[in-house]
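Engineer: Below: one structure in structure tokens.
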Amino acid sequence: MKEEKVGVMLLLVFALSLCEITSSSGSYFDQQQQYHHRRKSMLPTEATSSLMLNRAGSSIVLPVDGNVYPNGFYNVTLNVGQPSKPYFLDPDTGSDLTWLQCEPCTHCTEAPHPPYRHTNNLVACKDPLCKSLHPTDDYKCETPEQCDYDIAYADGVSSMGFLVKDLFSLNLTNGGFLRPHLALGCGYDQSPSLFSHPSDGILGLGKGKSSIISQLSGQGLVRNVVGHCLSDRGGGYFFFGNDLYDASRVVWTSMSRDHPEHYSPGLAELIFGGKPTGIRNLPVVFDSGSSYTYLTSKAYEAVTSLVKRELPRKHFKEALDDKTLPYCWRGRRPFKRVEDVEKYFKPLALSFANGGKAKPFVIPPEAYLIISSKGNVCLGILNATEVGQSLNIIGDISMLGKMVVYDNEQELIGWMSDKCDRLPKPKTVSKWLK
């Protein structure tokens, strides 16, 4: 959900023109519009090829730039095309399609790099990837040799274009180098975000067939696992593959089948300060395309009421002149860091009970507060109902200081504490492979 941004060692050779694997010494969408709540390849002949790659350490790590505040966005750099050129993309687990602003531009917005130029390798309308972007039966192929898309996001961004295939240059953590042919959107007509976000397009990391991770795993190049680790100091990384974490240290919960299009752990109970609030059955999704966390009205009103009740009035006064976020408080003197005030705020938690035992996703004060440019402390939790949302969204702010893993093969979502301040190294994963 792209929301308010207030912010080889592998001796594998595939006889396919779709993907090239070479050794390297390097270190590492329907004319009927779809609304996203934000930001055909052949299989390898060996069914175990992806396991072989992972045993050798074949994850992909994408360093990320940005922060929740003051930037209000994150970018990863991807190299696409022939010759390969860098582009800044907004990583969004809340949507599937990856797209770049593309020539010939009917309407392109200001971006860090010149528009992408495609090589005329069009994705046909009958291709399964195209069909996955148009799930309704009434979609008509106006141009059979071309797959058109039209996509819009909650922050005002929209893109219209068609699908193409091109080479992506990707470094593996084992020193290998991939150049797979992947489908992406060539966006020739864009509308800008309501908020400043200098990117060349969107990196769709959802569960659908058109998602980059789905395409990579479909070609047997990495396991169908995507994750991210965002530092509270800014930056961090996204990753594809399952050999960068110790699975025994991760708190796992099942993906909900009630929301198959989202990374959703299902229904949650709201906890405040370690005590139940009585608010249950909150449908929750994880979404890296949302800078802030969103709770539906009942839960939001409960949280804001509890937070205000707990604040000592002699230390805090509501800063009505600070419009950074709906709720901000000033102190006797300007605050410099969240650490200056976190002792006055209590942790939140969303507890998921699917599978029996409760699995709390703890949100400490530093994962729901920011310090504004005015030196006030502000609540980084917003009212989902006011922006037309029926889901409760765990946004970037509440995932700071955690590695979050979306295992699409095992249909699990997991998290564990991590400073996320350095790029990971591959771990031994033979005991996890099934």
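Note: Cβ is positioned from N, Cα and C throughout, glycine not excepted.
The active site annotation in TrEMBL covers Asp92, Asp287. Residues or ranges marked as domain 'Peptidase A1' in TrEMBL: 74-416. The signal peptide annotation in TrEMBL covers 1-26.
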Engineer: Is it possible to get the count of other C-beta atoms within 10 angstroms of the C-beta of Asp287 (active site)?
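Structural biologist: So the Cβ neighbour count for Asp287 (active site) comes to 29.
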Engineer: For Asp287 (active site) and Asp92 (active site), determine the Cα separation and express it in whole Å.
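Structural biologist: Their Cα atoms are separated by 7 Å.
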Engineer: Including all protein chains displayed, how many Cβ atoms other than that of Asp92 (active site) lie within 10 Å of its Cβ?
Structural biologist: 28
